[in-house]
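Take a look at the structure set out below.
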Amino acid sequence: MSEFLTFTLTGLGTGTTYALVGLGVAMVFQVTGVINFAQGDFVMIGGLSFASFAEAGLPEPVAALLALLITTVVGALLNLLVIRPARRANRERLVILTIGASITLEGVALLVFGADSHFASAFTGGDPISIGGARLPRQYLWCALATVVAVVLMWLFLTRTRPGTAMRATAMDTDAARLMGISPARMSLLAFTLAAALGAIGGIVLTPLQPPDASVGIPFGLKAFTAAVIGGLSSPVGAVFGGLLVGLVEAYATGYISSDYKNTLTFGLLLLVLLIRPTGLLHRASVVRV
Amino acid sequence: MSDDALAAAERSATSVLHAVLRSRWLRYAIFLGVLALVPAVFTRVPFYTMSVGVLMAIQAIAALGLIPLTGHAGQISLGQAAFFAISGYTSALLTTRWHTNALLAMIAGMALSAAVAYLVGTFIFRAQGQYLVLATLSFGLLVSYLANQLPLTGAADGIPGIPALAPFGFTISGDVDMYYLVALVLLIAVIVVDALLRSPVGKALTALGDSPVATAAAGVSIAGLRRNAFTLAAALSALAGSLYAHWSTYMDPGQAGILSSVQLLIIATIGGQRLVWGAPVGAFVVITFSEASKTLIPKVIPQATGNYEIVVYGIALIVILLFLPRGVGGGLIGLAGRLARAVRGREATAVD
């Protein structure tokens with residue numbers, strides 16, 4: 001029983017970061033109508049640059065801030081160099097563009113960071129915490145804390161500030177927002193930048209638990225897509241729920257079957273969700289951007 | 001040369017251009033000619049070999065299905081390599097373990113891939129939007145992980161010793177024989193897909209990509225149409241996969257990798273997604289580029305690995321999509337059309 005509880009808690013812990021990254025997918029999709037294939041690469045870049053700075057001897061908070069900064073700049077550049085010049089293109093061309101951006105980023109990461117995994121120690125030392133017989137390494141709490149803080153900040157931004165309101169307006173009705181003087185191109189830039197920041201935070205807090213290498217972008221992206229799709233690509237609550245579900249499936253698969261089949265099962269989960277309810281598990285509405 | 005002779009030469013060149021743009025049988029004949037010339041050229045030019053020629057033709061067949069699916073129906077598939085692998089492994093297993101006839105094994109592989117695609121398509125196209133790309137991404141990763149893990153597929157070792165093809169009693173030995181066989185299959189596939197795009201079904205498919213709502217309003221089942229285009233794409237990639245298995249005599253999990261699917265998408269995009277010619281043109285350009293970079297990059301940067309190739313692939317894809325949205329093939333045809341019109345315009349003014 002304590003085994004089950006351990007798997008559940010670790011699953012929920014990693015799941016919070018998948019939720020965070022999934023929120024980025026949902027946000028970009030809402031504002032631009034594009035599924036951003038490079039979302040997982042934000043996680044990869046955030047994690048790798050954090051670990052590399054930490055390995056180089058920088059204090060961890062500085063390393064984390066630098067990693068966050070680098071990743072958000074990459075997100076903004078991705079939007080400015082790849083998405084904005086093609087804004088008249090139809091959606092499938094935009095999606096293929098993000099696929100191109102994703103493999104470019106993976107290649108660049110291989111050149112910059114090499115093919116090996118990079119490591120960072122847990123944010124705080126100390127023994128794992130005992131909860132009802134289960135033992136939970138402290139880093140999982142950092143994952144959950146980072147997610148809660150990021151989600152609250154995001155919520156405040158979206159509901160309490162003018163740019164946040166403008167972004168929600170663009171998500172609801174791009175044409176109406178444009179008539180109100182909101183620039184969809186600028187909102188798209190904002191969405192990509194914020195999504196990159198969310199991805200980076202996920203990558204940074206996960207680094208001590210899952211040492212990243214340059215190839216983790218696609219698997220991370222897929223987990224984030226799964227989280228977002230479970231929420232119907234539109235609901236932040238759904239994305240959080242989806243992320244937690246992915247984390248749990250992964251933890252149970254690793255614990256009860258074998259870590260070899262961990263990825264196979266999570267990839268199967270997305271396929272299953274898409275086949276059964278492509279518009280999300282949570283709500284009945286099937287109105288999706290064509 | 002006198003002005004008259006020059007003008008005459010220009011006129012005849014223009015009329016040839018017009019004829020090529022107008023008659024599809026002439027285009028097929030030219031394509032046949034180019035395919036037939038490849039062995040003569042590739043055996044004399046540095047770094048092109050016959051095995052590169054076979055690979056180009058196989059990749060062109062695998063990418064061909066993306067023309068109707070992505071270029072017309074507007075749906076992206078990242079599962080082409082998975083169907084390629086499913087069929088390749090089916091051929092490999094049936095011929096090495098149960099000594100099935102190679103043609104039967106190939107048909108079985110294509111049927112299996114098509115059936116899986118039909119099933120996935122039936123479910124996934126119930127919803128509007130770019131869900132196929134997500135579903136095929138997870139499907140592709142699933143197939144590649146399973147190929148790496150299942151004892152049936154030989155896990156990481158793959159399946160060696162796949163026999164060579166022997167259609168109608170001719171044993172295919174060597175790359176030149178294989179090239180002629182694969183080129184013939186490619187030619188037939190191009191003609192069939194081209195005919196399909198010209199048919200009413202093809203017109204509906206094109207309309208679907210332009211406006212799904214208007215197409216549905218015209219009484220066409222858009223889900224059914226998308227599903228059929230996806231099934232066709234899977235079957236073509238499966239055909240290529242079985243041909244590959246018999247040619248290389250070895251199937252390994254790398255064939256199912258997601259990068260292979262991305263490469264097929266790159267081939268169709270760079271060649272031009274709207275016309276059937278995009279697949280062969282794209283396969284030629286992309287594989288030439290990849291072979292060239294394998295030999296050239298280490299000379300420029302001695303310690304370079306394959307990683308530079310990925311970066312250049314990605315950037316090439318982005319640049320082509322941004323500046324040449326119809327691809328290299330589409331760009332060439334657009335240029336030919338503009339040239340022909342310009343000359344005709346000049347003649348018209350001269351007559352006035």
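Using the three backbone atoms N, Cα and C, a Cβ is placed for every residue, glycine included.
Per TrEMBL, the features are:
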TRANSMEM  A:62-82  transmembrane segment
TRANSMEM  A:94-115  transmembrane segment
TRANSMEM  A:139-158  transmembrane segment
TRANSMEM  A:188-209  transmembrane segment
TRANSMEM  A:229-253  transmembrane segment
TRANSMEM  A:265-285  transmembrane segment
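Cβ atoms under 8 Å from those of the transmembrane segment (A:229-253) belong to residues 7-8, 10-23, 25-26, 29-30, 35, 151, 223, 261-262, 265-266, 269-270, 273-274, 278-283, 285, 288 of the same chain, restricted to positions at least 6 beyond its ends.
As a quick check, the transmembrane segment (A:188-209) and the transmembrane segment (A:94-115) miss the bar of 3 or more Cβ pairs under 8 A, pairs 6 or more apart, so the two do not touch. Remote same-chain partners of the transmembrane segment (A:139-158), defined as residues 6 or more beyond its termini with a Cβ less than 8 Å from a stretch Cβ, comprise 9-10, 12-14, 16-17, 19-20, 23, 122-124, 129, 164-165, 167-168, 194, 198, 201, 204-206, 208-209, 236, 240.
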